[in-house]
Each structure stands twice: as C-alpha cells, then as structure tokens.
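A.B. asks: Sharing the record's features from TrEMBL:
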DOMAIN    13-93  domain 'Prepilin peptidase A24 N-terminal'
DOMAIN    107-221  domain 'Prepilin type IV endopeptidase peptidase'
TRANSMEM  6-30  transmembrane segment
TRANSMEM  74-96  transmembrane segment
TRANSMEM  102-122  transmembrane segment
TRANSMEM  129-148  transmembrane segment
TRANSMEM  154-175  transmembrane segment
TRANSMEM  187-203  transmembrane segment
TRANSMEM  233-252  transmembrane segment
Amino acid sequence: MANEFLAWLFLGILGAILGSFCASFASRICEKKPLLKGRSFCFSCERKLTILELVPIFSYLFLKGRCKICGVKIPFLAFLSEILGIFLMYIAFFYTQNLKNFVFFAIFLFVCLSLSLIDLKLKAVPSILLWFAFFCAFLVGVDLDYIIDSTAYFFFDAAVFAGFVFLLKSFVFFLKNFKSQEVEENLGDADIILLAAICGIFGFFDTLIVFFLAAFLSLPFFYFALKREQKELAFLPFISFAMLIICVYLSFGRHL
C-alpha cells in the first residue's frame, strides 16, 4: 500500500515538474528567449529563480502569482500547466499497458501541452516540435512484436485521416468563401499533422470524435473572436483537450 502511494506521488511530482518545464519552454519560444540559458529566470527583471521558487505549484501560491523582486505577475497558465501536468501523467499511466507506450505517450502529451501553449500565444507552432510529437505518436503506435504491420497501419491511418481533414477543410473553405472570394483559411497544417498523429494512436473513428469534439468546444470562443474581429483562433489547444477527454473515456472504460 505504501509503495503504491509513493508510486502515485512520484508520478504526480514528475507530472508537475514536466508541466512547469513545458510552460517555461513555451514562454521562452514565445518571448524569443534563449532555450538553453540555464535555470529559469524572470522575463521582466531577468533574475534567476531560486530553488524554492522553482518548486511547482507551491512556489506560485507562496509568491501569490508575482515575481519576488519586481512584482510582475507570473502567467496563470504557468500554474495551470503544472496542475495539468499531474493529470497528464496519470492519464498516460492509465491509458497505456506497457512501459514503452507509457514513456512515449507521456512525452507526446507533454509536447502537445507545449504546442498548445505556443499556439495560444503565437497562433503558430515550431515545425520541429510538431514533427517530434508525430514521431512520439509513431513510437506509441508501433508494436515491437509486429513492427512492419503496425508501422503500415500507423501511417495508413495517419495518411487517411490527414487526407480526410484536408478535403473537409478545402470544401468548407470553398463554401465559406464562394461569394466573398476571400483567401483565408481557418484550419492550419499544424492541426492536420497533429490530428494525423492522434489517428495513428487512437484510430480513425476515435480521432474523428476528437476532431468534432474540438470543433464543438471551440464554438463559443470562435463566436467571441468574431465579436472582437479577430481573424485567427488557436485550434490546436482544443484538439489537445478533446484528445484528453477521449483518452480519459477510453482509459476508464478499459479499467472498469
């Protein structure tokens, strides 16, 4: 019993640390700060954070969401990412059935978290990070006992779903701009690549649910974006969140 509790505690702490890392990594990309510059630092006063200030969750609460020196607000998304990281680690544990899939699926989830944070800020994501997520999904989808068959199935599912979404996007774009003749698209290539990666793990049908659930979840935000005359809405975070919902459903359905 004690060992089981310690295992859950370790996973929770590791998840919070990785969530904090994802938030810091995304912030450095968005603010164009050096990615390899040692310990985390305040972007305002550029003071390096102390060990206690690096403790996930508790440091945010202790500092009351502000830098200890300059008083600048610490982004709430950083705190939220640390909490979310705990849940991501538990989701990866419940969903997977072996160590290999657990490791790479956990990495995939945290890369999706980083991509979502970056997309929220920039409305674009680094290609290298996107394809790293795809590679992690591939490693999850490949069965070492049936490497050739599982590899073929992964790329077939990914390609079919990517093609389906591309055709759907093009058709919706055509209908939307039939009269106005505008040249503006809403669903980017990054979204299609991530959906293809998800399809390689979950299969066509479940990924289709992820896609439409993400679209449904984005509707209220899309409405407010239109009210504010914003031409772009980050869709990748909705895809990631919808994937987590489906993942939780599949995990609990399997273990009940």
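Numbering starts at 1 and runs along the chain as it is shown here.
Any Cβ shown, glycine's included, is placed from N, Cα and C.
Could you give the neighbours, burial and distances for every feature on this list?
C.D. replies: Remote same-chain residues near the transmembrane segment (6-30) are listed as 37, 40, 43, 54, 56-57, 75, 77-78, 81-90, 93, 106, 110, 113-114, 117-118, 121-122, 126 (criterion: CB distance under 8 Å, separation of at least six residues from the stretch ends).
Beyond the transmembrane segment (74-96), the same-chain residues lying 6 or more positions past its ends with a Cβ under 8 Å from any Cβ of the stretch are 11-12, 14-20, 22-24, 27, 56-57, 60, 63, 65-67, 102, 105-106, 109-110, 113, 117, 120, 140, 244, 247-248, 250-252, 255.
Packing against the transmembrane segment (154-175) from elsewhere in the chain are residues 134, 137-138, 141-142, 185-187, 191-193, 195-197, 199-200, 203-204, 207-208, 211: each is 6 or more residues past its ends and has a CB under 8 Å from a CB in it.
Same-chain residues lying 6 or more positions outside the transmembrane segment (233-252) and placing a CB less than 8 Å from one of its CB atoms are 87-88, 91, 94-95, 109, 112-113, 115-117, 119-120, 123, 125, 186-188, 190-191, 194-195, 198, 202, 206, 209-211, 213-215, 217-218, 221-222, 225.
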A.B. asks: Could you count the residues of the domain 'Prepilin peptidase A24 N-terminal' (13-93) that DSSP puts in helix, in strand and in coil?
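C.D. replies: DSSP classes over the domain 'Prepilin peptidase A24 N-terminal' (13-93) add up to 44 helix, 4 strand, 33 coil.
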A.B. asks: What same-chain residues lie close to the transmembrane segment (187-203): Cβ under 8 Å, and 6 or more beyond its ends?
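C.D. replies: Answer is 105, 108, 112, 115, 119, 124-125, 130-131, 133-134, 136-138, 140-141, 154-155, 157-162, 165-166, 169, 210-211, 235-236, 239-240, 243, 246-247, 250.
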